[in-house]
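Here's what TrEMBL has on this protein:
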TRANSMEM  6-25  transmembrane segment
TRANSMEM  46-65  transmembrane segment
TRANSMEM  71-92  transmembrane segment
TRANSMEM  104-125  transmembrane segment
TRANSMEM  131-152  transmembrane segment
TRANSMEM  164-186  transmembrane segment
TRANSMEM  192-214  transmembrane segment
Amino acid sequence: MLSTNVIRTIVGIIGNIISLFLFLSPVPTFIKIYKLKSVEEFKPDPYVATILNCAMWVFYGLPIVHPDSLLIITINGVGLVIEGVFVTIFFIFSNNKKRKRICFYLLIETVFMAAVVLITLLVFQTTQKRSMFVGILAIVFNIGMYTSPLTVMRMVIKTKSVKYMPFTLSLFNFLNGVVWVIYALLKFDINVLIPNGLGTLSGLVQLILYAWFYRTTKWDEDDKAPAQQVQLSEI
C-alpha cells in the first residue's frame, strides 16, 4: 500500500502537469493576437499577476525558505518563463497606454519581490519563520492570480459575451485548484490549501459564466461557435 508521502508526490506531479496546461492554455489567445497584430479587448491583468505569483512561489520553495518543495519550484519556475513570454507578446501588440500600464505594474512587482527577498533573508533566521512569512505573502498573491480574472468576468456579465474569456484558461484554473487542494490536504499545508481552494471556486464561477453566456456570444467570422466547439472536444 502506498504511503501518504508517495501519494502526495504523485498528486504533486499530476498537479505540475495540469498547472503546465494552465500556463499554456492562453496560447490560442496569443496566436490570435499575433495574427491580428492587436490585443483587441484582451486584458493583461491575469498574466501580469501570475508573474508575481510564480516568483513568490519559486522563492517559497527554495531550501533556504521551505525545504522539500521541489515540485513547487519546478512548476512555478516554468510558469514564470511562460508568463514572461505572454506578457512580452502582449506588450508588443498593445497601444502606448497599455504598454505604460504593463511596465508600471512590472516595475512595482520587481521592487516588491526584491524587498521580500531581502527582508526574508536578513530578518528571519530559521526556515520555519521564513516559510510563514513568505507563505502568507504567497497566499495573498496566489489569490491575486485567481481573482485577477474578475475584471474579465465583469465584462462577460456586462456584454453577455464570453469571447474574451478563454475557455481553456477557465477550465485549467478549476482543475489546477482541485488537484492542489488534494495535495495540500494529504499533508496539511495551509499555505497551499487556502489560495487553491479559492482558485477552485474562481474557476468554477468562470465555467458557469461560460456555459450561461455561450449562446449569446457574437463570434467573428473567423471565430464562430463551431470552431470553439472543436476546441472543447479536444480537452
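Cβ atoms are placed via backbone N, Cα and C, with glycine included.
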Contact between the transmembrane segment (164-186) and the transmembrane segment (71-92) (3 or more Cβ pairs under 8 Å, separation 6+): no
Maximum Cβ pairs under 8 Å to the transmembrane segment (6-25) - stretch from the list 46-65, 71-92, 104-125, 192-214: 71-92
Other parts of the chain folded back onto the transmembrane segment (104-125), taken as Cβ under 8 Å at six or more residues beyond its ends: 48, 51-52, 55-56, 59, 64-65, 87, 133-134, 137
